[in-house]
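Presented below is the structure to which this report refers.
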Amino acid sequence: MALNLAQSAAAAACFATAGDARRAASVVAMPSSSSSATTSLRMKRQAACEPVACRAVARHVAAAAASSRRNGVPVFVMMPLDTVSKCGSALNRRKAVAASLAALKSAGVEGIMVDVWWGIVESEGPGRYNFDGYVELMEMARKTGLKVQAVMSFHQCGGNVGDSVNIPLPRWVVEEMEKDNDLAYTDQWGRRNFEYISLGCDAMPVFKGRTPVECYTDFMRAFRDHFASFLGDTIVEIQVGMGPAGELRYPSYPESNGTWRFPGIGAFQCNDRYMRSSLKAAAEARGKPEWGHGGPTDAGGYNNWPEDTVFFRGDCGGWSTEYGEFFLSWYSQMLLEHGERVLSGATSVFGDGAGAKISVKVAGIHWHYGTRSHAPELTAGYYNTRHRDGYLPIARMLARHGAVLNFTCVEMRDHEQPQEAQCMPEALVRQVAAAARAAGVGLAGENALPRYDGTAHDQVVAAAADRAAEDRMVAFTYLRMGPDLFHPDNWRRFVAFVRRMSESGSPREAAESAAHGVAQATGSLVHEAAVALRS
């Protein structure tokens, strides 16, 4: 007979490992009745993991897992991008969400991450917020016993790696951007990018009397007030969106309409009138007004490589000249100041005992990392070169606000990437980890692309958990919940991965052996989740 959701989750908890189950069973108080028949019946029920006895076992296993996680790295799982309907009033695929959350809980996952889309919640007009669909999700997570990382997603969904749905910015925001195209990031050829409002107008009251930063802060305040009863208990982290894909960066490598293709260097985004005005003032203050007319004109196009350009070439390119230093310092400083402004708003909302930590995501731009100029990082706003650490200033900015640095591409290995593009994700992760450590901020991680194989899991465990306590990541968020995750083989490996993370790097073989019981116990539940997610 198929188990229902609660029974499946309880059964999985019982079978998390054979050893855990045996140890847990040994502490369950047995009845004092002298009736051997009654005792036998109760023992059979316990062995079958029926709720009457299994709850005690499950509580013991959960407590053991929680204790283990204190020494390891908690794992969260990203929800589908379209978890909440575009009208904001309901969950999409409610049955699939319920089954999926129960399965994740059974695997020992700490919680979920969900995008709280500005374009959904405030779509009807300024200050008109509809969180109904998210309330349903939070209640479901609380009932299941999962924590939540809530992402304040102030960007458009669509046009980036992994974007499977389209969720634009709020309609009233888009209307203002259509009236004034300079509210959008703009490249040197006049191409506009509507993924995220240009940081150049952060302090301009361009949205019906409000600045963009005020819009973001008001949204976060509305979220806090609406979910006050969940904060600190169920909602344990607020990730603050800072740019395209929710990352603190410029939209320098947009995939939409084939503009950019990996591993192109991207393009600077500083040609809207607000950015040009700032650049002009900075150039005049430097005593070089001729530098204030726009960004470099010899930096190539989106799909060039560094050596194709004059600006990014070798040691003698424009990036290493006095002008290059001036421009790149200004460009990266504008991004840092944007982060300061938005984080100041976030801490004013969530900083007074709200109970949830704040985090910011930084992009893992690993291609051409082995070159001197690090061109793709420069166009994205990270002034990181062979001779300069571009991540330490970001980490220090986050430290001033007590925020966690969330970094991507943790699953990648150098040799898996095209070597001709000098991709070095492992070295990049090490550099960012060192910057976080030096600045005294917590480092969390994500995988940049969906991976379900043991090799990727090994890499994450090595980078995040299998190290000295002070160097471990504070959390890892797994991309992403979907039918592929619930494929039987993928699921078994994932359960083992979660166990290894919680135990700070236990061997893969032992973890996979222990995960076999969970995979068996949750088979029907996982199948239900996979089928429902495909519907």
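Glycine is treated like the rest: Cβ placed from N, Cα and C.
For the substrate site, Swiss-Prot gives Asp115, His155, Asp163, Lys361, His366, Asn447, Ala448, Arg480; the one candidate out of Thr83, Thr186, Thr321, Thr408 that the record lists there too is Thr408. The two recorded residues, Asp163 (substrate binding site) and Glu247 (active site, proton donor), show a Cα separation of 14 Å. Comparing the recorded positions Asp115, Asp163, Glu247, Glu446 on other C-beta atoms within 10 angstroms of each C-beta gives the minimum for Asp163. Here the binding-site residues are His366, Arg480; the one with the fewest Cβ atoms within 10 Å of its Cβ is Arg480. Annotation for Asn447 (substrate binding site): same-chain Cβ neighbours under 8 Å, separated by at least 6 residues, are Thr408, Cys409, Val410, Glu411, Ala456, Val460, Tyr478, Leu479. Asp163 (substrate binding site) carries neither a helix nor a strand DSSP state and counts as coil.
For the pair His366 (substrate binding site) and Glu446 (active site, proton acceptor), the Cα-Cα distance reads 14 Å. A straight line from the CA of Asp115 (substrate binding site) to the CA of Glu247 (active site, proton donor) spans 13 Å.
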